[in-house]
Amino acid sequence: MTNAKKVRARRKIRRTAAGAMALAVGLTGAGILVNAVTPDAQVATAQQDEQALIQEGKDLYDVACITCHGANLQGVKDRGPSLIGVGSGATYFQVHSGRMPMLRNEAQAKRKTPRYSEAQTLAIAAYVEANGGGPSIVYNKDGSVAMESLRGANYKDGIDPADVARGSDLFRLNCASCHNFTGRGGALSSGKYAPVLDPANEQEIYQAMLTGPQNMPKFSDRQLSADEKKDIIAYIKSAKETPSQGGWNLGGLGPVTEGMMMWLVGIVVLVAAAMWIGSRS
């Protein structure tokens, strides 16, 4: 009897251990399976943040843009074009530079103090891009909007002179005919004009080249590569920030203002000299 009891006890212990082992294996397997099919927390959070940003952009759009561009971004005849497919880049340029919303319909939207903050501008841009895609804002690796990193293909703690040299050639070939060779802007036809480039930040200049706002032609990456666009920005910023070696630059408009100033000063000097000679005789 004693041996039989011992055998039954050992069998009971083995069954209990086997059951516990099976339960542990089952729970472990279930945990692994759940972990495999459950979205990563960071990805889910990022998606939620993106959706919240798009919703914020839609709310802002419905207040300020819907009248001219339509409830579905399809545009409204004689008011505003469709925004489907324009992307976040074009939206950033127009809103961040204050050109949109426009004060009134005119030949060309003028730069003015922006109505919306940087964060609100990015929200509107995210909403527009979510509806049709298009050229995107350039971001740094840390998620911030690229600014100084666009100052030349080889920018690192400062503008590379080689980038400025290449950018100067590219600017002269593609931009100077309208914007003047130092980015001072100039008059066009029908009341339009090429704006001064000084107030524009790096992202605005990049997006202007990429998307071609208003009267400006588009420069796709096939016409001007991303690095070439950056080199042009390097030249523009270098021209703005480098002091004039000759003193007062007369607005940086080149031979027109310089020639006029020389002519006016020369005439005044000649008239004064003639009057002085006449008074002496």
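Cβ coordinates come from backbone N, Cα and C, glycine included.
The transmembrane segment annotation in Swiss-Prot covers 17-37 (among others) and is backed by sequence analysis.
Annotation source Swiss-Prot lists domain 'Cytochrome c 1' at 52-132.
What Swiss-Prot lists as heme c 1 binding site is Cys65, Cys68, His69. Applying an 8 A CB threshold to same-chain residues 6+ apart, the list for Cys65 (heme c 1 binding site) reads Gly80, Leu83, Met100, Pro101, Ile124.
Annotation comment: Swiss-Prot describes 162-240 as domain 'Cytochrome c 2', evidence class sequence analysis.
As annotated by Swiss-Prot, heme c 2 binding site applies to Cys175, Cys178, His179, with the evidence given as sequence analysis. Taking the Cβ of Cys175 (heme c 2 binding site) as centre and 10 Å as the limit, one finds 23 other Cβ atoms among all the protein chains shown. Taken residue by residue with DSSP, Cys175 (heme c 2 binding site) is part of neither helix nor strand, so it is coil.
Look at Swiss-Prot and you will find 259-279 (among others) tagged as transmembrane segment, backed by sequence analysis.
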Near Cys68 (heme c 1 binding site), how many other Cβ atoms are within 10 Å of its Cβ?
17
With the fewest other Cβ atoms within 10 Å, the residue among the binding-site residues His69, His179 is His179
For the domain 'Cytochrome c 2' (162-240), report the average pLDDT of the model, please.
93
For the domain 'Cytochrome c 2' (162-240), the DSSP helix/strand/coil residue counts are 42 helix, 4 strand, 33 coil
Which chain neighbours of the heme c 2 site, leaving out Cys175, Cys178, His179, have a Cβ atom within 8 Å of the mean position of the site's Cβ atoms?
Phe171, Asn174, Ala176, Ser177, Asn180, Gly183, Gly185, Gly186, Ala194
Euclidean distance between Cα atoms of Cys175 (heme c 2 binding site) and His69 (heme c 1 binding site), Å
30
